[in-house]
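Input: a single structure, listed below in structure tokens.
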Amino acid sequence: MSTVEAPLYPIAVLIDELKNDDIQLRLNSIRRLSTIARALGEERTRSELIPFLSENNDDDDEVLLAMAEELGVFIPYVGGVEHAHVLLTPLETLCTVEETCVRDKAVESLCKIGSQMRGNDLIEWFTPLVKRLAAGEWFTARVSACGLFHIAYPSAPETLKTELRSIYGQLCQDDMPMVRRSAASNLWKFAGTVESAHLKADIMQMFEDLTQDDQDTVRLLAVEGCAALGKLLEPQDCAARILPVIVNFSQDKSWRVRYMVANQLYELCEAVGPEPIRTDLLPAYVRLLRDNEAEVRIAAAGKVTKFCQILSPELAIQHILPCVKELSLDSSQHVRAALASVVMGMAPVLGKDATIEQLLPIFLSLLKDEFPDVRLNIISKLDQVNQVIGIDLLSQSLLPAIVELAEDRHWRVRLAIIEYIPLLANQLGVGFFDDKLGGLCMQWLQDKVYSIRDAAANNLKRLAEEFGPDWAMQHIIPQVLEIANDSHYLHRMTLLRAISLLGPVLGSEITCSKLLPVVVNASKDRVPNIKFNVAKVLQSLISVVDQSVVEKTIRPCLVELSEDPDVDVRYFAVQGLQSIDQVTMSS
């Protein structure tokens, strides 16, 4: 039975649930509002359901949040955009509640609805709503109003536009810091809809008022939108009106404001042009790199490569590089980690000579840092340096440090090195790899941490794909198969994992001649964990080898394991036999 044909009795039940004491029932009913609306039809939804929701004074925030979300997609259920205005009343009420997340969702839904409403309807219904909220006695209404001006403004007549700009200006000077914060964070959205002449006069005056606020939370939100605001202005206006504010904020007494400047400075560079960058923003950025608060240095350090990309190499070497050297020795490990995650990207900007002379010592210093995250961040970006200085110099300078990290006491660092090995192998070439790194790859197979052993097995598979089966046959297989006689059962399990990964890469011939006999032999192991892993590996090799080998070698082994005393061994052996039967039937 379709929803439309459904009897109205269940609808009455759902509406009753909205009045129930049980919050879960009320929540379920709100989440099924669209079902109720479809059953009622558009007219009854407008005349009965929406007024009911407008009067519903539920005090549970979770129910109100769900209602605010549902109403944002309710236009089709009230008869389309010509009736969209009926949804404004319940959402206006939700814009005044105390809980922030409910108000935010109500504003979001109002913006969705307003963006679909016709121009005349916006003037008749939406703009009065914005004005009512902006004049609200309780600050929550005024906070919500700030997020709606950019929807109401474009379609308003000239006199109404003037009034809306004036109202927003009053909100920017509201007695409540929460309202001024909302005005600051939404200013750039409103600015995007305002005409150029008023943008330079009214909006920039509001921006300057907010940037001089005595509350640092208001100032930092003004900074957050300054890059978006700057892109709306001509470069010369941006340099004249926004740049001085930002340069001043880079020395603000509140570290939160300086932190926001450090995050926004690069985005602002795109709006002002090259000359102001060199004369004003570069000195401000250098100050932030040397800030006395670690959080500010972290934010600034994370942008160092992006900032260098918009400077000439000479300016980067002269002004940024000395700061980078200081940051690489910073007392905060988090600053060094932030620098390590981006500093490799400076190599293409500075060029080969400057990288060799200036950056390589910094890379080496960070590679030997006592904090694992710093070392990790450097390792993961080595390919950027290789592109600039070439593999020979990279291997001479950084490879000894990489080999040292391969035995690092922190297993995550060892794991990062393993994951980087195939890329390094590709760059070094097969001869160099065999000579310098081949032994390490085998050593990791017997690491005491499972994640390292598993990654090492995956690493062998990727190397076999990179260098081919012949190379693997010569350099991997003999050493891997030696582990079959290892006294530690966990190492023998790693061997089985490696075989299951290498089999599909090496192909049927090598698998049958070299790998399969080792697996069959391991089925006689005294440790049950080994035996059920043998069953799993045999199952994975069914698709690799010929059907005759499956019947002659794999099936008998699995039959034997299916009679093992251990329940897990029997289970996986039976699974393997079922796989063989499925393959046989399909062929």
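From the backbone N, Cα and C atoms, a Cβ is placed for every residue, glycine too.
What TrEMBL records for 10-48, 203-241, 242-280, 281-319, 320-358, 359-397, 398-436, 476-514, 515-553, 554-587 is repeat 'HEAT'.
Sorting each residue of the repeat 'HEAT' (281-319) by its DSSP state yields 30 helix, 0 strand, 9 coil.
If you look at the repeat 'HEAT' (281-319), the same-chain residues 6 or more away from its ends with a CB under 8 A from one of its CBs are 243, 246-247, 250-251, 255, 258-259, 261-263, 265-266, 268-269, 272, 274, 326-327, 330-332, 334-335, 338-339, 341-343, 345-346, 349-351, 354, 358. If you take every residue in the repeat 'HEAT' (398-436) and average the pLDDT, you get 73. Taking DSSP states H, G and I as helix and E and B as strand, the repeat 'HEAT' (203-241) has 32 helix, 0 strand, 7 coil. Same-chain neighbours of the repeat 'HEAT' (242-280): 207-208, 211, 216-217, 219-220, 223-224, 226-227, 229-231, 233, 235, 287-288, 291, 293, 295-296, 299-300, 303, 306-307, 310-311, 315, counting only residues six or more beyond its ends whose CB sits under 8 Å from a CB of the stretch.
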